[in-house]
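Look at Swiss-Prot and you will find 19-39, 57-77, 85-105, 123-143, 154-174 tagged as transmembrane segment, backed by sequence analysis.
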């Protein structure tokens, strides 16, 4: 990687971290029957893997989560600190760390970023940005809130329609940005 590419990578990674933080300024929508709101930050998490690939997408999200963990109010609703990782939403946040890696890895492995296969990219984003995150989040919610696992899984179905819309928007935006150039570096072998 040349010095110019290193600077570009650092800039893109910092921008992605900032973008995820900005999405947290938009208030969450409380659902009522479970203590986890509908938020937009997960869209930024999905975008990190699709734009920056497995390595730099994970670094970007890891930086965001580290800022949240040390107490900066970067999570939706101005939350931060270790308690926000131990509460009802903790499982989703833990899954977020793995999401850009999984999305980026499979996009790279299947060479979907260089093809016109937007549907294949959508399937990968749905699998790892929606189903994986909601599944891990539901398991955590079950244990943390003492809710039966089946009840927790069923209650998470409320997130699926909105998360699917966010996944579609993510694929459309990411493919458009990738078409502009500069991101192909992150999907080379």
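Backbone N, Cα and C atoms are what each Cβ position is placed from, and that goes for glycine too.
Within the chain carrying the transmembrane segment (154-174), a Cβ under 8 angstroms from the stretch's Cβ atoms is held by residues 31, 33-34, 38, 40, 42-43, 46-47, 50-51, 118, 121-122, 125-126, 129-130, 133-135, 137-138, 141, 147, all 6 or more beyond its ends. The highest tally of CB pairs under 8 A with the transmembrane segment (123-143), across 19-39, 57-77, 85-105, is held by 85-105.
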